[in-house]
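A quick write-up on the structure given underneath.
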């Protein structure tokens with residue numbers, strides 16, 4: 001019942017840090033000069049609904065992360081040191097309460113810097129995602145505007161070509177008109193003019209033509 005004299009003493013300075021809604025970190029100290037090869041943690045929910053025993057050997061760690069905790073719940077933990085010849089007595093009971101999802105640690109908490117850096121990282125990720133979305137939307141609008149301008153230029157060119165074809169003079173495609181009837185009548189010779197011009201020729205021809213020509217022509 002007195003225990004082996006080489007068993008390590010109980011851990012000291014047991015504290016809970018980095019409190020979150022579903023996790024927390026337990027740390028402790030071991031008196032110098034004692035040989036410790038592991039630790040054991042008794043985790044118990046205060047309402048008695050859950051109890052967990054964590055044991056790890058061949059380690060020199062002086063901290064352990066508690067996972068799968070209930071949100072906004074009260075817990076009690078005790079830590080034991082594991083030596084070469086057994087385990088120490090349990091440390092003093094330490095009480096802590098997990099946070100809500102919307103809660104933040106107080107300003108004097110030791111893990112405030114971690115939460116702040118985590119929040120900054122999330123904000124940076126959100127800002128980067130928003131910038132990517134804005135750039136994608138702008139590129140899409142630029143493509144739509146360029147396509148619209150191109151279609152507008154094509155339609156405008158087609159309309160200008162159609163207007164040019166409509167405004168061309170009809171004389172270029174139509175056959176030349178014949179002169180008016182008055183000009184045609186002026187080019188024709190009336191029979192009376194021919195008779196007047198021919199009668200002297202016949203009178204002159206009778207006296208000047210040789211005799212053998214009368215055979216071909218009526219004298």
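Keep in mind that glycine also has a Cβ here, set from the backbone N, Cα and C atoms.
Look at TrEMBL and you will find 8-101 tagged as domain 'Fibronectin type-III'. The transmembrane segment annotation in TrEMBL covers 131-149. Annotation source TrEMBL lists compositional bias 'Basic and acidic residues' at 159-176. The region 'Disordered' annotation in TrEMBL covers 159-189.
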Worksheet item: Taking all residues of the domain 'Fibronectin type-III' (8-101) together, what is their mean pLDDT?
Response: 92
Item to complete: Please list, for the domain 'Fibronectin type-III' (8-101), how many residues fall into helix, strand and coil according to DSSP.
Response: 0 helix, 47 strand, 47 coil
